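These notes concern the structure reproduced below.
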Amino acid sequence: MLWIAISFLFFLVSPAASTLDGSVNDSTKQRREQIVARHGAVAADDGRCSMIGTNVLRIGGHAVDAAVAASLCLGVVSPGSSGIGGGSFMLLREANGKAQVFDMRETAPMKASENMFVGNATLKASGGLSIAVPGQLAGLHKAWEQHGKLPWKRLVKPAETLAQKGFKISPYLRMQMESSKSSILADKGLLHVFAPNGELLKVGDICYNKKLAETLHYISVYGVAAFYNGSIGANLVKDIENAGGILTLTDLKKYEVKMREPVSANVLGLEILSMPPPSSGGASMALINDHGTSHVSIVDANGNAVSITNTVNAFFGSKILSPSTGIVLNNEMDDFSMPSNNTSGNTPPVAPSNFVRPGKRPLSSMTPTIVLKDGKLKALVGASGGANIIAGTTQVFLNHFALGMDPLSSVMAPRVYHQLIPNVVMYENWTTVIGDHFEVPATIRSDLQKKGHVLQVSAVSTVSQFIVHNLDGLKGNGELVAVSDPRKGRFPAGF
């Protein structure tokens, strides 16, 4: 649970808290990763999607409208992290105080079974059998049906245009492509989009996904039924079958978005709203690695707030791009646990509650969060980054609300991670794709070692999106300070 993580991490880093913000090689002043807005703001993993979401808010769109447009945009320009072939968790807090969760988590196909990966665990990491039933599109559409103000087609169009007319490869996407090079070159669909001439596209090259553009256009006109009970779904299922998968059209037809109540806790005089299971599922999170994730935080002109985390799980999910639809497919089956006889103290315990079952949703580390002060919106925070998401989200929260850092410093401060099992503290020491170096100071590392912690350097990190609502700003009318984590090299937008 998030509040348990808050207590644990505060204890973990408290001896050297005053130095947490001293180990980034760039000033936090006048950086594009932070903006101040009066009427609305969007902090996404990619600045192009932040701007698309903000444009939706400018013309009177609800925060949910902006979440739809920004999430679909991310599925095009950041396909190694999210897309309509994956799933999401959305936390909505309306201006009237009502809060609800849209659980768009992927589900296991009906032909799945508990022992399907026993003896060959690699099959759950990539390939056709690793694909679970996508839920993002159904969830975005359901949220829009309940709260959207703008036409569905208007929200889909920006992503469709990017896929059709092309978009520039970002440094972060290029890093993901390089990390997945062999898989991209081995898959017909991925090869066609990301290495059309046999070599991976480079930073700044124009990338086209015209099949995805066709899919998005069809969905914009005919709705999500075309995906879950129509020609797009039928073509998608054929591609999955050709890759050795077991997902069927019936699985798509039966997919349901789950509406849930957020969990709530009081910490530091603040009310924290976050995700119920299957998100942030306790100790079993040590087994889960949603590295291919993206997060968006949004506040609209009326004070409605959305915190949404999207995923295809690993980089490029199953390492399969459906040739007929242009959709990168998730490998969410890898988030299920497997029966095991391994009882090593360095291995997380077997989690029977997370074993594969037909139609079941695996546990997840995704933790979109909203913070309230005296019943009023105070902040939104969330992150991408696998099993470290909860720790990363918690540290941004603590940096601002417990240690008094400004929003950008709270995000830029180097982070530590602990999954309880194994008993190792991971600490940041790496340089991002845009040149920022993040390293936990030696003073903190020394204090942790004195406490008996075993330290290990980490060259990866969570990526957080943070919006703080300051009621005292802008002549008493309030201001929104939005931050997109420089660890992905992008920026927020607002007006």
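Note that Cβ sites are derived from N, Cα and C of the backbone, with glycine treated the same way.
Per TrEMBL, these features apply:
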SIGNAL    1-18  signal peptide
BINDING   Arg105, Thr311, Val312, Asn313, Asp335, Ser364, Ser365, Gly386  L-glutamate binding site
ACT_SITE  Thr293  active site, nucleophile
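For Val312 (L-glutamate binding site), the Cβ neighbour count at a 10 Å cut-off comes to 34, with all displayed protein chains included. Each of the binding-site residues Ser365, Gly386 was scored by the other Cβ atoms within 10 Å of its Cβ; the lowest score goes to Gly386. Within the group of binding-site residues (Arg105, Asn313, Asp335), the Cβ with the highest number of other Cβ atoms inside 10 Å belongs to Asn313.
For the recorded positions Thr293, Thr311, Ser364, the greatest number of Cβ atoms within 10 Å around a candidate Cβ is found at Thr311. Across the annotated binding residues for L-glutamate (Arg105, Thr311, Val312, Asn313, Asp335, Ser364, Ser365, Gly386), the two most widely spaced Cα atoms sit 15 Å apart. It is 4 Å from the Cα atom of Thr311 (L-glutamate binding site) to that of Thr293 (active site, nucleophile). Cα separation, Asp335 (L-glutamate binding site) to Thr293 (active site, nucleophile), rounded: 13 Å. Taking the C-alpha positions, the distance from Asn313 (L-glutamate binding site) to the residue listed as 'active site, nucleophile' comes to 6 Å.
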